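Colleague: What follows is a structure written as structure tokens; I'll ask about it next.
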Amino acid sequence: MPSALRTPLLAYSASSLILLLSGCATQPTGEDSTAPQSFSVSAREYGYVRPAVDVRVIGRAQETGSSQRHRFAGSGDDLWDRVRHGGRLGVTHHERVERALRALKRNPDYLTDLTRRARPYLHLILGELERHGLPAELALLPEIESRYNPQAISPKSATGMWQFMPYTGIEMGLKQNSWYDGRNDILASTRGAIAYLRQLNQAFDGDWALALASYNAGPGRVRAAQRANRAAGKPTDFWSLDLPAETEHYVPKLLAIATLMREPETHGLEMPVIANQPRLEIVEARQQIDLAQAAQACGVTVTQLKQLNPGLKRGKTLPGGPHLVLVPAGTGDKLRTALAKAGKLAEPSLAATKQPSSTAGSDS
């Protein structure tokens, strides 16, 4: 878990003062749509991600994921409100953040587009962040990485919603073989990204700006920039470092998106509501699951299940398991019934039940 706070509680607005990120790290628009569209690892070396920002976690850094879960479970009908209430990265006026804000606001429909992309996955991602006690704004990272596209592929072979490079994915426990690529698995890659973010946050003494920069550029690059500044008698915070241009814009962009999300009206924008309820369920079987058969049992299309399970390269779970699939919320029982009749329904495993909600089989 992140270390204890080293800074006092800061004002939670875009006009606070310079981000103290040190602390304790194209789907349809309708609400009924669920279809998507070892620490030495260097993100940039292995193509993991891009840059980060300088902000300090505010709030109670030692609040457990469990307590947050209960606290946010009933925070209104809008999932974005849950993100706002769980935010702990203080935003301030900084030239780079202001520049990013202006760029985003050139598109008056930006928050509508963001909502459309995030809607299928946000509940799941936010639930995982809450379970680990991390700032809710991190749920916006996939917008920068892939626009919430689990099948996104970069020119450098990074793939998935969180844009893992092959080696970094392996380091974070994401299997990759001819049957399966965990980097494209919506749930597995989210858990892998959270594990990596927590690792980086701890490595940089709770400074989320440096952790995010490392997620993008790699911890080796960030530490080298710190050493250079230290030798020159300069500050070693994120904003003072000489980092790749991509990294120097990455964190300000995240902060700018978080600012718009928190106060859309202040910036003359509208932000559609996302229902604060699970959109996905996990179903587990004893034997191999074929997505075509699962789709028929669930009453959805094969295309829809493939979009929710892009890590399954052959449209089936691995021969040796685990046999876990994501299905649209409300359809899981149909598949479980079909599996039970075939004698394939498994007792829920830790992987399937380890979720930030007391609702069995829901995505959070």
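A Cβ is built for glycine as well, from the same backbone N, Cα and C atoms used for every other residue.
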Colleague: Pick from 79-100, 299-320, 343-364: which stretch is listed in TrEMBL under region 'Disordered'?
Modeller: 343-364
Colleague: Within the domain 'Transglycosylase SLT' (132-234), count helix residues (DSSP H, G, I), strand residues (E, B) and coil residues, in that order.
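Modeller: Here the numbers are 60 helix, 7 strand, 36 coil.
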